[in-house]
Each structure stands twice: as C-alpha cells, then as structure tokens.
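Undergrad: This is the structure, below, for whatever I ask next.
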Amino acid sequence: MAKKFVIIPLLLLPALLASCAEKQVYIVYFGEHSNGEKPLYEIEDTHHSYLLSVKFNEEEARASLLYSYKHSINGFAALLSSDEASKLSEMEEVVSVFESGQYYMHTTRSWKFVGLLPEEQTNKDEDLLSKASYGRQVIVGLLDGGVWPESHSFSDFGMEPIPKSWKGICQSGPAFNSSHCNRKLIGARYYIKGYEQRYGPLNTSEDYRSCRDRYGHGTHTASILGGRRVHNVSAMGGFARGTASGGAPLVRLAIYKVCWPIPKEDENICFDADMLAAIDDAIADGVHVLSISIGGDPKMYTRDGIAIGALHCLKNNIVVSCSAGNSGPDPSTSENLAPWIITVGASSIDRKFLAPVVLGNGQKIEGQTVTARKLEKKMYPLTYAANVIKQNVSKDVAGQCLPGSLSSKKVKGKIVLCMRGNGSRFGKGIEVKRAGGVGFILGNIPAGGAEIASDVHVLPATTVNHTDAIRILEYINSTQHPIATIIPAKTVPHTKPAPLMAAFSSRGPNVMDPNILKPDITAPGLNILAAWTGTKLEEDQRGGKYVFESGTSMACPHVAAAAALLKAIHPTWSSAAIKSALMTTASIVDNRGLPISDEFGNVATPFAYGSGHFRPTKAVDPGLVYDASYSDYLLYLCSLGSVKKIDPTFKCPKQPPTSINLNYPSLAVSKLNGTMSVKRTVTNVGGGRGKIFYFFTSQPPKGISVKASPSILVFDHVGQRKSFTITLEALSDKSLRKHGEYGFGWYKWTDPHALHVVRSPIAVSIA
C-alpha cells in the first residue's frame, strides 16, 4: 500500500513548527491603556489580534489566551512558544514580555505591643482606632490562599452596609458561595489558570477550587489585618489567652485567592499570570489598600508581576504592602523591591512561651513551645538523634529526625534531641513519635541566633537556640545515662528585649537598585496568633481555630492595617505620603531603650529593619512627609533605563535624574566616591498656626560627613513644600571604611518642642 504524504506549504511551515514547540505561560505587558476608556470587549479583541499575529489561526489564538488584563493594567497572559514571545517583544507598543514567574507565601498581642490596643484605654476619643472609625469605610484586598469565612474573626455583626464604592463580586465554587460573603468579607475571587497551565487540573483532595482556604495562610493574614475583636481566644492548650483583633477591626476585606498547592509537596505556589489578573480586578473593584504576603526572586520591575501590578495600584492611589521574604539573615535577600511598594521585614513582640529543659546534671536551659502535651513529673532517658538512627541514614542528616530515619528500638521511651536543617520542624516531632519517643528537643540552626519559633507539636516538645542545643549535646556525650525532662510551657508577657529582628527576615542591600534602601520597615512577624481554617491536614492534629505562625507574611498585614487606618483619617493623602508617615515615625529602639538588636544580640541595621519598627499611633501625625507621584516613579524608571512606553502620555527626558534623587523617605548611596549631593522635598502635614520651624540633625555613618542645605525649614501653612539638599562626603581617612563596606546612620527634621521627629535612615558604602 502506498504511503500518504501531507504537503505543507513552505510559508506555513514556520508557524506550524512554532505551534509544536514547547510552550509556557508568558505575560505580554503594554503598560497603561491609551486613548481613553475602551469597552472591555474591544480591549480583549485587541489582545486577540496580537496573538493572531503569531499564531497559526484564530482558533489557536483564542485557545492560548488565559487572561486579558483590561481594567488598569493593559496586557494579557497566554500560552506561547519562545519564538512567539520573542516576536511579540519586538513590537514597538509592547513594554515587556516575560514568563509567568513563580512566587511563594512568606509564612493579638502584637497590636498591644505597637500601642494600637492599649492595655488600658486612657483617652478613648484620641486613640488612633477611634479617629479612624476602626477602618469601617476602607476596603483592603489580600492576595493569598483564600479565607475560612466561618471564623468569628470575619463576623459582620453590627457592621454598617457595604460601602457604595465597592464594585466587586463574591465568586462561588466548591464549599464557597455568595452567602459566605457579608458586610465584613465583602468580596472574593479566585485565579487558577496560570497554576493549572503549569500543573494540570487542581487535585481537589488537596485544595478547594474556590476562595475557601485549606492551608490557613490566607485566613491568618486576613485576620491579622482586619479581624473582628473576638474575646477569650487562645491557641490550643490555652496559650496567649485574650482578645484577638485585627489592626483595623471594622475594615472591609476582599479576598483574591492566587496561591495553590504544589502537587505532592508541602508548599503553595503563586504565578504572575494569576496575580496580575487579581490585581487588575482589585483596582477595578475599588480596594484602597492591598496586602500581598507573597514573594519570589527579584526581577527587573517591568518583568515582575507584583511590581507591575503595584505600580498600577499607585496610579489609582492604592497603598500596597508586601512581605520582604524569609531568606535572612543573609545579605541581599530582600524581595519586593520596587520603591512604590512598602516592603516589610519581621521582628518579635514582647511575649514568650517558656518551656525549659532540665538536664540530669541540674542545668536548666530556656526553651520555648506552644505544645499543650506534657510529660509526667519525672526524668526520662535523653538521646541525640544521630545516636539512634537506622543503619541506612546518611551521616550528613543523622541528627535531623527526618521521616523514617529513627530506630524504634533505640528511641522508645526517650526524649530525643533533633537539630533543625532539612525537613519541617513539625515533621521532626512526627518522626520522634513514630519511633516511640516520649518527647523531643528541637535545636535551632546557628543562623537562627536567639530567634525561636514556638510550635505546636504532636508530643511534648520545646525549642532551644543553637548554643543551648550544643550544651545539651555536650551533656549527652558526657555521661553513659543522660536524662532530662521538659517543664510544661507558660505564657510570659512583657519580655525584654523586644522587638528584636527575626533571623529569617530577608535583608538588604537592594539587589535591583542599591540606591533604594530595602526593606522599608519592620513589624511583628514572630509567633503571631491569628485565625485558622477548620481543617486538619494529613498527620497534623494541632487543630485550633487560632494558631501561631511566623514569617514576613505575618508582618505585612500589620503594616497594611496601619495604612488602612491612615487612609481613613487622611483620605486625600497619596500612597507615598502614607508610606512616608509610617517610615519616618518608626522606632529604632527596643523596650529597654536600646538600639534594636538582631538575632545574635548585635545592633541591627537598616538592612534588617529599614526605617525601624512601625508605630501606627505616631504615623497619624508625622509632621512632614516625603511625597511622590506616579510621574515621579515613571521618571525613576527612566533613570534605570527600564521604562518603555509604560504610559503613552509620558516621555523620558534625555537626561533623567539619577535614581538616588527619587523623593524617598530613606537614603542609600552605593559606592560613594568623594562627594555627592541628593535632593529631597518634604510637605508640611502637621498643621499648627503661624510659622513652623524644623531643624536638621544627623548621626552620620562612620567615615561620612552629612550636611543639609538649608539646615532649617520654615513652613507657614499646611500643604507647603520645601526642598533641601543633603551632601554626603567620604572623609579622607580611608581607615574609617573598607571598600564596599556599608555604614549606617540617620538624619532627621525636628520641630522646636520635638512634637514631630521626622527621621530617615542612611546607608552608605565607599567606592
């Protein structure tokens, strides 16, 4: 039988080959919409026409489109080959084309600690919450993993009708329908096309294909930000009992679920394509603040979905708060670096959950846990995990209690010392229990310093710092029959020092632009109690309606809540002004009156805490603000050479100012060579009658001279702007600073009675 051949015209061959090539989800970004408002269908048709220009036919073009961004953001997400993406990127009107990147989540008393919920209310009419009406007319969106709507933290009892400005929806799906939205949770949407294009259809045994939260992260962050006051709340075991409350308890919440489980892994993932669609909708829905506890490896701003979305938010005067990441304490690890984002690090509060270890030699070693399970009042045999492993376990991970690593014959009836490293903290306890252990001690990694995450475990347990873990190990090795016990934990408030920087909190300098200091600010993110889901995950019997979590994910909604309250009090303030108010009023001292320390007890730097630990009650009246407009940020992008028609109405000057001259509330100079002058402008928002004087003072970095001209600013009305120049000079004595090494300091403007202290951090390295 003769073979049949299909003859393909040569002109069609390239297109067919392209369609057969391996495809990925790409974002095609056009910047701002031009020519006024077009009907949404017309914008989508335009996006289809671009796809048709690189696709084989119209059917393939339409099938390849995942999202058409058509509200504020102009662009689309589509399935493209690398050749198709390259062709689109060469078009004059296209700002950027980039693969849909991967991002990850950055996973009560905290509000009292920052002064927002005083232990005893002394002047109710003057407190920040009352002034802000508890945020009742402010709408905050959260990009996260959904929400558990039945939590008491999201009750709408006694709340007023939904603001008329709200234009969003309550999207239905499995285990979530319109009845789950109310006057507190006023909107919910989910975005999954980018995720399913990468991993295939969602395994519905692992997550809900709806806005319902299965893993707790989204519920936790939402309740930190805007949860209602719920009395007599505690974690499992009665720890931290009291009143749970979000920072803005009457704020309206809009949930945008963008993160989904990685198949067969204990982690969730979020994609650019889905997040951009969520941000585009959030802008159109009418949110005032956006909280994003998600991050990924830094990228050029015009290729970073969060940065692009946040820039469009800024144009619409929406404040965006993002987590800095959990990759500390290594330098240059901070994420979400765009200057129009508030980037938030994590620090501790003044509360511990002490569960000491008592050794057979009489030593008592401080540990922390929120595990309710208790040992009997007696001593138990104590062993180190590396001494009780199975024969096939690698020596490299022998002490880490990884799944299946421990010998039941050797572990039964003993307390086991396990070291952090590979595997989850919680999983180590599961392994000890599986092997028949009665309890376990978790030793921190060296980089963790004094930071201890208080966990709930499936058996009696406590966590100790690395130094103390070594002391315990030395005791084990010193005797043939080591013994120990773990004393049941108790909640201890008002501990000192606090805050201290969490070791996991990502650090500066800024890898995208070292002349913009990041992170911007720090907030509570260590052992934070907040609402949780009603589900229990596999092998996880911790349960509880309120649980402890740690991460910059927890710090981010603290700052978003403060921004919402400022938005309520100062509705005409720009996003940049609100950011400035939070930054310039932040504190750099702890509750001992000493400089904030890092996880090792050393003095922390602005690369850890930015401007300092946020103080919402001070931010309401900052005196002066460093304001910046949408055009200022476009001009900043011009200075980086990374703007290409983001806004058709804006043209870069032939010689744009350097990025260091962006009107930012902090000051970073990379590789200072000799002398440099930097311009800043402040706006008077402090009120008062007659002339108001502000005086310049500074604490320069070692080896640097810092001067301002003029050194006195005089204002005679609210809204008046004054510019000044700061001159930095490297002193001639080279021994004062090593090449490339950063030094830190601050400058501030203070009025005569120090009612307003407007402080900005300084970070400078020498060329």
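Backbone N, Cα and C define each Cβ position, glycine as well.
TrEMBL labels come from automatic prediction, so no person has curated them.
Relevant sequence annotations retrieved from TrEMBL are reproduced here:
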type	residues	note
SIGNAL	1-20	signal peptide
DOMAIN	25-106	domain 'Inhibitor I9'
DOMAIN	135-602	domain 'Peptidase S8/S53'
ACT_SITE	ASP144	active site, charge relay system
ACT_SITE	HIS217	active site, charge relay system
DOMAIN	407-469	domain 'PA'
ACT_SITE	SER553	active site, charge relay system
DOMAIN	661-764	domain 'Subtilisin-like protease fibronectin type-III'
Undergrad: Give me the CA-CA distance between HIS217 (active site, charge relay system) and SER553 (active site, charge relay system), in Å, as a whole number.
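TA: Between the alpha carbons of HIS217 (active site, charge relay system) and SER553 (active site, charge relay system) there are 8 Å.
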Undergrad: Whole-number Å distance between the CA of ASP144 (active site, charge relay system) and the CA of SER553 (active site, charge relay system)?
TA: 10
Undergrad: Can you give me the average pLDDT across the domain 'PA' (407-469), rounded to a whole number?
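TA: A mean pLDDT of 91 is what the model gives the domain 'PA' (407-469).
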Undergrad: Write out how many residues of the domain 'Subtilisin-like protease fibronectin type-III' (661-764) are helix, how many strand and how many coil, based on DSSP.
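TA: With helix first, then strand, then coil, the domain 'Subtilisin-like protease fibronectin type-III' (661-764) has 4 helix, 61 strand, 39 coil.
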Undergrad: Could you give me the DSSP helix, strand and coil counts for the domain 'Inhibitor I9' (25-106)?
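TA: So the domain 'Inhibitor I9' (25-106) is made up of 28 helix, 30 strand, 24 coil.
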Undergrad: Per DSSP, what is the residue tally for the domain 'PA' (407-469) in helix, strand and coil?
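TA: Per-class counts: 21 helix, 14 strand, 28 coil.
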